[in-house]
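Student: Take a look at what Swiss-Prot says about it:
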type: BINDING; residues: Thr13, Arg83, Glu84, Tyr136, Asp246; note: sn-glycerol 3-phosphate binding site
type: BINDING; residues: Thr13, Thr14, Ser15, Thr268, Gly311, Gln315, Gly412; note: ATP binding site
type: BINDING; residues: Thr13, Arg17, Thr268, Gly311, Gly412, Asn416; note: ADP binding site
type: BINDING; residues: Arg83, Glu84, Tyr136, Asp246, Gln247; note: glycerol binding site
Amino acid sequence: MSKDFILAIDQGTTSSRAIIFDKKGNIRKIAQKEFTQIYPKSGWVEHDAMEIWGTQSGVMREALEFGRVKPDQIAAIGITNQRETVVVWDKETGDPVYNAIVWQCRRTSSICDEIKRDPQFVKYIKENTGLVVDAYFSGTKVKWILDNVEGAREKANAGKLLMGTIDTWLIWNLTRGKVHATDYSNASRTMLFNINSLEWDKKILDYLNIPESMLPEVKNSSEVFGVTDSHTLGGAEIPIAGVAGDQHAALFGHCCFEKGMAKNTYGTGCFALMNVGDKPVYSDEGLLTTIAWAENGKPTYALEGSIFIVGAVIQWIRDGLGLVRSAEDSEYYATKIDSTNGVYLVPAFVGLGTPYWDMYARGTIVGITRDTKREHIIRAALEAIAYQAKDVLECMKEDTGLDLAGLRVDGGAVQNNFLMQFQSDILQSEISKPKINEITSLGAVFLAGLAVGFWKDKQELKSILTTEKVFEPQKDSQAVAHDYRGWKKAVERSKAWAECYS
C-alpha cells in the first residue's frame with residue numbers, strides 16, 4: 001500500500017490533536033479533544049498524563065477513521081508538543097507518580113529564588129542552557145516532584161523512575177516503553193541541557209539532585225526515533241520520525257531556514273522565534289537562547305521571547321468577565337471604537353515573561369475613567385497581545401542588530417484581522433499570514449517527511465507554503481511611539497505585585 005500521508009501529533013496545553021497531511025501539504029483530516037485543566041492551588045497548573053495519552057491516542061484513531069486513511073498509508077509520524085510540561089513515571093509500570101506539571105505552573109518559584117541567591121550559578125545556567133532561572137522550565141518541576149511525592153526520591157535514586165517532556169511521554173507510550181527519547185529542541189527547554197556541549201548538564205543535575213538515569217536519550221529533530229508498537233495503531237509499525245517543541249516546529253513550518261527569519265505564534269501563550277544560525281546568540285535583553293532543531297547532529301539555534309498569556313486573555317474576558325460570548329466577538333467590539341481611550345490591560349496572570357521575567361507581576365487594567373466601556377476593555381486585551389509581541393521583537397533587534405524584515409504569523413489569533421492589523425501598525429512592519437494555519441503541525445510533518453524521504457529537501461518544503469494575506473502598517477510612527485510609551489507605563493504598574501501584597 002502506498003505511503004501517501006504523514007500524521008501529525010499536536011499535543012497542546014488545552015487539547016490533543018491529530019492531523020493527517022498529504023504530500024502537497026493539504027489537510028486530509030483533523031481530530032481534536034480537550035482535556036482537564038487541574039488547578040490544585042493558586043498559581044499551580046497540572047495535567048493528568050494518562051488523560052493526555054488517552055485523548056491523544058483517541059484522536060489519532062479518529063483522524064484515521066474519519067479521514068478514511070489506513071495506518072499502512074502513513075509514511076511517518078511527526079510529534080509537536082507543549083514544551084516544559086514534565087512527567088515523571090515508573091519505569092516498570094509506566095504509571096506517572098504525579099500529575100504532569102504544566103509550563104504555566106508557578107509552584108517552584110521558591111526553588112528558583114533559592115538558585116538566584118547564587119549569581120555565579122545563575123550565570124552558569126544562562127551561558128550553558130541559554131535560559132533564565134524561572135519556574136517556567138522543567139528542571140525545578142522535576143525536583144519538586146522528587147522532593148514532595150512520597151517515595152519518589154528513593155525510587156529515582158534506585159533508577160526506577162523516568163522523566164520526560166510531553167514528547168518523550170508520547171514516544172514512550174506509542175512504542176510501549178521501547179523508546180525513552182526526546183529531541184534537541186525539547187531538551188533545550190528543560191534547564192538541564194547544555195546547548196554548547198549538547199549533553200545533559202551534570203553540574204545542574206547535581207545541584208537540583210536529579211539522577212541522570214531518569215533522563216531520555218537526545219536525538220535529532222528529524223530522525224527515526226522508533227516505530228509504533230503493533231498494538232498502538234491497527235497493527236502498523238509507523239516510524240516516529242519528526243519531533244520538535246511546538247514553537248520550534250512552527251519556525252520550521254514557516255520555512256524560516258535562513259538566519260534572521262522570524263515567526264510569531266499566537267496560542268495559549270505567544271512565542272516569537274528568530275533563526276540565528278549554527279551558533280548560539282546570547283541575549284542582553286531578556287530573550288532565551290534555544291535550539292530550534294537539529295539535523296545530522298548539527299543544531300540550528302534561535303532567540304526566543306516567551307509571553308505567558310495571549311489566547312488565555314481572550315478566554316478570560318469571555319469566561320471570567322463575560323464581556324463577549326465568543327472569542328470571535330472580540331474583533332467586532334474592538335472595531336466599534338477608534339481607540340482604548342487610554343486604557344491598558346496587562347495580562348500578567350502568572351507573571352511576566354520576556355523581557356521582564358517577573359514571577360511576581362500580576363494582571364492590571366489602568367487608565368479607567370467613568371467613560372470606560374466594555375469595548376475599551378476588550379480592545380485593550382487584544383492590543384496587549386500585540387504590545388507584548390513588540391516587547392519581544394524589539395529585544396531581538398537589539399541582540400542581533402537585524403531589522404525585522406517582516407514577520408510570519410500563525411495560531412488561532414491570526415484569524416482576528418483587527419489584531420493582525422494592529423500588530424503590523426505597532427511593529428511598523430509587514431505581517432504575513434500563510435494559507436495553512438496549522439503551521440506547528442506542518443513543521444512536525446516536514447521534519448518527519450524529510451527523515452523518511454517523503455520530501456527530498458527544504459526547497460520542496462518552501463514550495464508547499466503559500467501566503468494568504470499580508471498586513472501593512474497603516475498608523476504613523478509618532479502615534480505608535482505614543483501608544484507604546486503608555487503600554488510601558490502600564491507594565492511598570494503590574495511588576496512585583498504578588499511579592500508586595502502576598
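From the backbone N, Cα and C atoms, a Cβ is placed for every residue, glycine too.
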Student: Can you grab the distance from Gln315 (ATP binding site) over to Arg83 (sn-glycerol 3-phosphate binding site)? Cα atoms, rounded to a whole Å.
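Tutor: Cα to Cα, Gln315 (ATP binding site) and Arg83 (sn-glycerol 3-phosphate binding site) are separated by 21 Å.
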Student: In Å, rounded, how far does the Cα of Asp246 (sn-glycerol 3-phosphate binding site) sit from the Cα of Thr268 (ATP binding site)?
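Tutor: The Cα atom of Asp246 (sn-glycerol 3-phosphate binding site) is 12 Å away from the Cα atom of Thr268 (ATP binding site).
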Student: Under 8 Å Cβ-Cβ from Gly311 (ATP binding site), six or more apart in the same chain: what's there?
Tutor: Tyr266, Gly267, Thr268, Gly269, Ala327, Gly411, Gly412, Ala413
Student: Helix, strand or coil at Arg83 (sn-glycerol 3-phosphate binding site), per DSSP?
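Tutor: Looking at the DSSP assignment, Arg83 (sn-glycerol 3-phosphate binding site) belongs to neither helix nor strand, so coil.
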Student: Please report the DSSP secondary structure of Arg17 (ADP binding site), reduced to three states.
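Tutor: DSSP assigns Arg17 (ADP binding site) to strand.
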Student: Within 8 Å of the Cβ centroid of the ATP site residues Thr13, Thr14, Ser15, Thr268, Gly311, Gln315, Gly412, which other residues of the same chain have their Cβ?
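Tutor: Leaving out the recorded residues gives Gly12, Gly267, Ala312.
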Student: Tell me, by DSSP, whether Tyr136 (sn-glycerol 3-phosphate binding site) is helix, strand or coil?
Tutor: coil
Student: C-alpha of Arg83 (sn-glycerol 3-phosphate binding site) to C-alpha of Ser15 (ATP binding site): distance in Å?
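Tutor: Answer for this pair: 14 Å between alpha carbons.
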Student: Hey, how far is Arg17 (ADP binding site) from Gln247 (glycerol binding site), Cα to Cα, in Å?
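Tutor: With the alpha carbons as reference points, the distance is 16 Å.
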Student: From the Cα of Gln247 (glycerol binding site) across to the Cα of Thr14 (ATP binding site), what is the distance in angstrom?
Tutor: 16
Student: Do any residues at least six apart in sequence from Tyr136 (sn-glycerol 3-phosphate binding site), in the same chain, have a Cβ closer than 8 Å to its Cβ, and if so which, in order?
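Tutor: Within the chain, Tyr136 (sn-glycerol 3-phosphate binding site) has Cβ neighbours under 8 Å at Glu84, Trp103, Ser306, Phe308, Gly353.
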Student: Within the same chain, and leaving aside Arg83, Glu84, Tyr136, Asp246, Gln247, name every residue whose CB is within 8 angstroms of the centroid of the CB atoms belonging to the recorded glycerol site, in sequence order.
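Tutor: Going along the sequence, the neighbours appear as Gln82, Thr85, Trp103, Arg189, Gly245, Gly269, Phe271, Ser306.
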Student: Provide, as an integer number of angstrom, the distance between the C-alpha atoms of Thr13 (sn-glycerol 3-phosphate binding site) and Asn416 (ADP binding site).
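Tutor: That comes out at 21 Å between the alpha carbons.
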Student: By the count of other Cβ atoms within 10 Å, pick out the sparsest of the binding-site residues Ser15, Gln247, Asn416.
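Tutor: Result for the binding-site residues Ser15, Gln247, Asn416: minimum number of other Cβ atoms within 10 Å at Ser15.
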Student: Taking each of the binding-site residues Thr13, Thr14 in turn and counting other Cβ atoms within 10 Å of its Cβ, which one has the fewest?
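Tutor: Taking Thr13, Thr14 as the binding-site residues, the minimal 10 Å Cβ count falls on Thr14.
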